[in-house]
Every structure is written in structure tokens, then in C-alpha cells.
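Chemist: Would you mind keeping the following structure in view while I ask a few things?
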């Protein structure tokens, strides 16, 4: 490594500290104090310094993404078991729990409890040593889980280093739940529908599927959150209670539950549970209950555990909000990529205080699998109080007049013949000029994550399109105030504001524009990848798929759709027209050609004890473009051998795999 000037070293350390603080403000507190542009400039400066000087701190935000895909997850043993919770389904069962706790403690005094929302996600353990995150693992069977460290590092709400507390423990295992907010869950499912992929049944499955990806870049493309609420193994610090531990987590910049109440006695617990039930309607995440814990850690130890559950905690489950209603019709809805989705039209029914009259059915296979017919009485559930879905049919109420639903052979809007690719669930209209697709493409182009045209909502797009004022997203930039003034909802001021918002959107970034163009298979993450690898939009004109697949995380299918889009003259003509109307595109995400990767394409296996921790050596290999596998095979390029090697050495010799000493390995990195 080069000799680093002290001022450069200090600048890198300052940037890391400041960027981590701003991540905390943005992802944990949801209260940023700098703009996205300022953050991006700081991050870019940090990347430049790290690449030039090779000085990379383990908690640098640049280390959150970049690990190579794994063949499988390694096993990870929990030093303290990660137990599941017993459930209470009624207030009486809660009172029984309280009586049991008092009996086991041999006391009639009121017990102090904590009450918090029950997050519906994937239970995860974060392991820190001397304040640094070195391992993250799933619950698994409670004793052994899977090592998901690289994936967890992509979640920006999770600190890579513990800061802000008076005392940092030598070692600590922090437990919590990784989850998805409802809007991100819906975005992922919408994207999967457009790609013809099966949808996730609920946010919990989506969160679990996102975390348990062998390729960390897929995890990084989804906005995951974590709520930290539990403690496992700890050394070098002592906590007396759950409340004290939660306060320590807050100071340490960890995301904690949205609500934590200290309750004296079971009656206060019941009041807190009722309060959470009211509050959960406004939560951005799904919660199906509340968790009650004995506050004192000393009393927790006295109460102990059963085989699988602690005696000092219980999860109260809110009653499921369901209703039975008649299915009036199943409509075929056409999306911007031509995917035709079934939508259930229901007799209005009140579920959990909300009137439900529609429900998505995701895809036509689901309609067939559940044998859903028009005229059926169906069971509708509001999962997590937000997303209504049909969970089944009341078949004993059938009269024989119900109508089976057929997969549409023609587009319900333009009449074109539909297509279904082999192996895909999506049924598509392939007429690019289908009015429904055009309208949805304009909505997408104007949306918040794309061109972000304020005030141009779905209803306004529908109005302008139906009146023939706009026929393509390019037409948005041709709009004049007189075109919209006088239309329903548009007076002098509102029409002026919309024209100003459209003009403001002309200045954008390349990644936003790429996403706005609505290229099939290209979501926000793929748009950012393209922006990192291409300086300007014109560099993508007439691009070939062979060049695109050289970008890590861009697969053949995505590369092909990008090639098709940028080799279509009509699309290029539309982009050029946008530019003529004043579109200004910046690209702060473009990364200059990086230094060569000396280990690119090579697979390593490690055995024995090395001068540096194995995780650190693994990161060195991955940063240099290599890949680390857990077992020796004919596909292994090198076995890195430390002191006291195990059986892997004999296997490598038998397979004639090259062996390397640590010194030889370092020379390869030069």
C-alpha cells in the first residue's frame, strides 16, 4: 500500500464518519440534513480517495455493496439460542401469561413489562466485535442459522460500526427483524408482475427472499429496513433491563421499534396493546401483533426458557381482519409493459373499518389455482391492515351459475392477440401502441422515482390522454398552460404550477431518465448500474447485449431488452426530441475506469490459520475481483494455505489444484 499523507488519511476518516452519520439521519431517523446531491458528491470523493490510496476503513459506506455472488450460504452458530415466542390470541391468554410469570417468580407484585409492535419480517442477529460488524446471520433453527453478512451490509440503516455510546462492548450480538415497508413490497411485486415473475405473497416473504439472495446486489436493489430489539451474547458491558438496552441501541444509532412502552402490570400492558392497534393503521410496515417482555434482565434469567421459547415474553396476535363478499367481476388490467393482470371487483365489504371493493389477483395462474369464478362468495383478508387479497372461495355457497374465468386471448383495450412466453406466468399484449400501455408509460415517466413531475398524478394523465392532449410522454414537454386551464381541477394557478413542475423536471440525472423511459426489465437498480458504466445517454445508442452483460449484475435477459430499446429508431427519435425541448441530463453516478482486478474470474478456497482474520482475507480477494468458495472442487483455481491446514489441502492435492502461501497470495495482489 502507498504511503498515505496524513491529511488524506484524515479526510477519508472524516468522510466515512460524516457519511455514516447522514445514513443514520436518512435511513433511521428519516430526517436528512443534507440534499441527495451533497451526499452523492461526498460519497464520490470518498470513492476517489479510496481507489487512489487504497486506504479503506471497514465501516466505510463503500463497503456495503460489492461482494461477489456466493454458491451457498455458510452455516453460522448462535452463541446464545435465538428462541421464538409463544403466542397469545386473546386478552385472557395475556392475563394467564402474567399470572404464570408471577407464580414462577413467587410474587404477587405487579411486574414491569415492555410492549412494542411485532414486526413481520426475517429474524436476524448482528454480531459486533470491538464495535465493528463482522457477522450477520439468520435465526435458522434457533441454534444454527446462515451467514448473510454481505447482504446485511447493504441495508443502510444498520451501523457497520457502533458509535455514539458511552461504552462499546468487546463483543455483542444484537437481534432484530429485517422487513420491507408496504410501498416497497408493492413496488417489488409490480416489478415482478411486469417481468412475468411470481409475486411474493406478503412483505415477510419478500423480506426473507430479499435477504437470502446469493447475489448481494439483488438485496441492495431493495429498500430493506431493520428494527433492533433483542440481545444475545454480550461481553464487556452489562444491561439491567430491556428499556436500558433499547436506549443504548438508540444512542448507538441502531433502528429500534417504532413504539416501546414501559408498562407496570398487565392492565397497562393491555392499554399499550390497544394503543398500538390504533397506531398500526398509520405504520408504513406490516404488524400483526405486539410483543410483551419482562423488563428486568435479572427476572428474565430467573424465569428462564422452555425448549423453544422464553418464559419471560409473549407475542399477542391481533384478530385477523377478514370478510366474505361476492365477486362481481374479474377485470383485465393492462400495465405499461403490456402485462395483463386480473383484478377482482367485489361487492363492497367492510374489513377492519375500511371498505374494500377491489383486490388484485396477481396473475391468471392464481385464479386457476384457487378456482375463483365470477359470482363466487370469496374470503377477503386485509393483510397487515393494508393490502386486501382473496384467500379462498366459499364453495358450499355456489349455485351453479358462477362463471369460470378464462385467460384473455386478446387485449381488453386494443384487441391485439395476447402472448404468453414458455415458463412465464405473465400474459402480455405486445402492441406497443396499445392505449392502455401508452397511458401507463406516461404515468411511469412522470412518477416520483422517475422524472418526478409534481402535481401530475394518475388521474391527470388519464384526463389528458383521454382528451387526446398527450399521446406520448414526449408530449408532456409540449404542454402549454392554455392546453390545461379550464380542464376539471385546473384553474389559473393550478395549471401554471403544473407547467412549472414539468419545466423543472427537464433537469434530471441519467439514472432517473433511464428508469423513466420504462425499458422492460430495467428498474431503479439496473438504471443506476447503467449510469455508473456509461457517461452519457448517447453512449447507449445502438448498444449490443454482448457489451452490456460485461457489467456485473446485468443478465442476458435484461441486456437483450436494453439492446432492443436502444436499437429502436422510434425510441431514439423520442429521446432526441426530449433533448430539443430542453432536457438537461447530469450523471453524478458515472465511475471512471477502475484499476484492474488482478484476481478477476479466479476462485479461491482458504484453509488453515492466516496472519489476518479469514473474513478480512475473503474481502481482499473479492475486492480484487476474485471469488471465495467454502469447498475444494475441480472449479477451484487456488487453495490459500495457512498454518495447520485441514483436509482441504489433501483434497486440493488429489485434484491437482494449485496451492498458495499467504506471501504468494499478497504478490498476486500487487
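Any Cβ shown, glycine's included, is placed from N, Cα and C.
Pulled from Swiss-Prot, these are the listed features:
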type: ACT_SITE; residues: 118; note: active site, N6-AMP-lysine intermediate
type: BINDING; residues: 36, 37, 38, 39, 40, 84, 85, 116, 139, 177, 293, 317; note: NAD(+) binding site
type: BINDING; residues: 411, 414, 429, 434; note: Zn(2+) binding site
type: DOMAIN; residues: 594-670; note: domain 'BRCT'
Chemist: Hey, of the recorded positions listed (118, 139), which one tops the CB count within 10 A?
Modeler: 118
Chemist: By DSSP, what is the split of the domain 'BRCT' (594-670) into helix, strand and coil residues?
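Modeler: Tallied per class, the domain 'BRCT' (594-670) gives 25 helix, 16 strand, 36 coil.
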Chemist: Among 40, 85, 293, these being the binding-site residues, pick the one whose CA is nearest to that of residue 429 (Zn(2+) binding site).
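Modeler: Given the candidates 40, 85, 293, the nearest one is 40.
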Chemist: Can you give me the Cα-Cα distance between the residue listed as 'active site, N6-AMP-lysine intermediate' and residue 434 (Zn(2+) binding site) in Å, rounded to a whole number?
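Modeler: With the alpha carbons as reference points, the distance is 45 Å.
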Chemist: Which residues in the same chain, at least 6 apart in sequence, have a Cβ under 8 Å from the Cβ of residue 40 (NAD(+) binding site)?
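Modeler: Set apart from residue 40 (NAD(+) binding site) by at least 6 residues yet with Cβ under 8 Å, we have 588, 589.
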Chemist: If you count the other Cβ atoms within 10 Å of each Cβ, which of the binding-site residues 85, 411, 414, 429, 434 comes out on top?
Modeler: 429
Chemist: In Å, rounded, how far does the Cα of residue 293 (NAD(+) binding site) sit from the Cα of residue 434 (Zn(2+) binding site)?
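Modeler: Distance between the two Cα atoms comes out at 56 Å.
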Chemist: Comparing the binding-site residues 38, 293, which residue's C-beta has the most other C-beta atoms within 10 angstroms in this structure?
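Modeler: Ranked by Cβ atoms within 10 Å, first place goes to 293.
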Chemist: Looking at the binding-site residues 38, 85, 139, which has the shortest Cα distance to residue 434 (Zn(2+) binding site)?
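Modeler: For residue 434 (Zn(2+) binding site), the spatially nearest of the binding-site residues is 38.
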Chemist: Taking DSSP three-state, what's residue 434 (Zn(2+) binding site) in: helix, strand or coil?
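Modeler: The three-state answer is coil.
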Chemist: Can you tell which of the binding-site residues 38, 85, 139 lies nearest to residue 414 (Zn(2+) binding site) in space, using Cα positions?
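Modeler: Nearest by Cα distance to residue 414 (Zn(2+) binding site): 38.
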Chemist: Cα-Cα, whole number of Å: residue 411 (Zn(2+) binding site) versus residue 139 (NAD(+) binding site)?
Modeler: 46
